[in-house]
Amino acid sequence: KKVCACPKILKPVCGSDGRTYANSCIARCNGVSIKSEGSCPTGILN
């Protein structure tokens, strides 16, 4: 898992992989594009 210099703010986004990320920075750091704002139907990943 990569270490990302992301702010610790909770503004959930749903990634293209169907997972919820705490914020868009974390999603992008994991190589995932943002599908939509807000949570996906599944749990949050940090």
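Heads up, the Cβ atoms here are built off N, Cα and C, so glycines get one too.
Of the cysteines listed (C4, C6), Swiss-Prot assigns C6 as the disulfide partner of C25.
The record in Swiss-Prot pairs C4 in a disulfide bond with C29, which is drawn from C14, C29. In this structure, C14 (disulfide bond) is part of a beta strand by DSSP. For C6 (disulfide bond), the nearest of the disulfide-bonded residues C14, C29, C40 in terms of C-alpha separation is C29.
DSSP assigns C29 (disulfide bond) to a helix in the three-state reduction. Cα spacing between C4 (disulfide bond) and C40 (disulfide bond): 22 Å, rounded to the nearest whole number.
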